[in-house]
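Residues or ranges marked as active site, nucleophile by TrEMBL: Asp9. Feature annotation from TrEMBL assigns active site, proton donor/acceptor to Asp11. The substrate binding site feature in TrEMBL is assigned to 9-11, Trp25, 44-49, Ser52, Lys76, 114-118, Lys145. Here TrEMBL flags Asp9, Asp11, Glu169, Asp170 as Mg(2+) binding site.
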Amino acid sequence: MNKKGFIFDLDGVIVDTAKYHFLAWQQLAKSLDIEFTEEENEQLKGVSRVRSLEKILAWGNKTISQELFDDLMAKKNEEYLGYIAEMDDREMLPDVPRVLNFLKAHKQPISLGSASKNARTILERINIMSDFDAIVDGNDVTKAKPDPEVFLIAAKELHMSPEDCIVFEDSVAGVTAANTANMISIGIGSKDVLGHAHYVFNDFTEISDDFIKSLIEK
Ligand code: BG6
Ligand code: MG
């Protein structure tokens, strides 16, 4: 059988943690008296912690010292870690295990491609670390999505060329990163938000084994 590299984003694709990032950023914005809307949150999805805070401050027209910046970043992460402290495999999004199992049964290389520095902690909590042939996360990159760096490193670690890689992403920035890397992008979420992806599904329950097979054989 053909081989393709399958690269999964983490937050909002494998686990429902996008809502926790949102809550933590919302709290932080409020403490700075900055209004923070759902639309603005869409622009933070997939984006690194540093870049997210820079964007929030720019939206609120605020300049702060480096010391306060570092302090706020630490606080946001503390709050986020509080949300995920009790996490287990029940927080995995529907049919993610089926798709991972299908790919493993067909010997397809699998990588994580996440902006999060907490990715390994989460994979351990939900007990799927061993499903991945490579893990590329926020600790391994210097450029945040929409830069394609994270996915290009993942392709390299899987020994696959970018054109033979398929990326599952829930964020605008992540789909752009996958497209820029010359990969097939599969948006997980709404067509209104992820219209620039090659394919869009609301969630993995809409992604059939036959569809995955067709990607492998392409
Ligand atoms: C991405 C999330 O996966 O990781 C973003 O979509 C988040 O919302 C980014 O800011 C960085 O995550 P962390 O866990 O390193 O703060
Ligand atoms: Mg995501």
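Each Cβ is built from the backbone N, Cα and C atoms, and glycine gets one as well.
Structural mapping of features recorded in TrEMBL.
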| residue | record | Cβ neighbours (10 Å) |
| --- | --- | --- |
| Asp9 | active site, nucleophile | 29 |
| Asp11 | active site, proton donor/acceptor | 23 |
| Trp25 | substrate binding site | 23 |
| Gly46 | substrate binding site | 31 |
| Arg49 | substrate binding site | 21 |
| Ser114 | substrate binding site | 30 |
| Lys117 | substrate binding site | 14 |
| Glu169 | Mg(2+) binding site | 30 |
| Asp170 | Mg(2+) binding site | 25 |
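Within the set of recorded positions Asp11, Trp25, Arg49, Ser114, Asp170, Asp11, Arg49, Ser114 have a CB atom less than 6 Å from some atom of ligand 1.
Among the recorded positions listed (Asp9, Asp11, Trp25, Arg49, Lys117), Asp9 has its Cα nearest to the Cα of Glu169 (Mg(2+) binding site).
DSSP classifies Asp9 (active site, nucleophile) as coil under the three-state reduction. Other than Asp9, Asp11, Glu169, Asp170, the residues of this chain whose Cβ falls within 8 Å of the Cβ centroid of the Mg(2+) site are, in sequence order, Phe8, Leu10, Gly12, Val13, Ala18, Lys45, Gly46, Ser114, Phe168, Ser171, Gly174, Ile188. If you measure from the Cα atom of Arg49 (substrate binding site) to that of Asp170 (Mg(2+) binding site), you get 17 Å. In terms of Cα distance, none of the binding-site residues chosen from Trp25, Ser114, Lys117 sits within 10 Å of Asp170 (Mg(2+) binding site). Here the residue listed as 'active site, proton donor/acceptor' is positioned 11 angstrom away from Lys117 (substrate binding site), judged by their C-alpha atoms.
When the binding-site residues Trp25, Gly46, Ser114 are compared by Cα distance to the residue listed as 'active site, nucleophile', the shortest distance belongs to Ser114. Cα-Cα distance from Ser114 (substrate binding site) to Asp11 (active site, proton donor/acceptor): 8 Å (rounded to the nearest whole number). The two recorded residues the residue listed as 'active site, proton donor/acceptor' and Trp25 (substrate binding site) have their Cα atoms spaced 14 Å from each other.
The 6 Å Cβ screen around ligand 2 retains Asp11, Gly46, Asp170 from the recorded positions Asp11, Gly46, Arg49, Asp170, ordered by sequence position.
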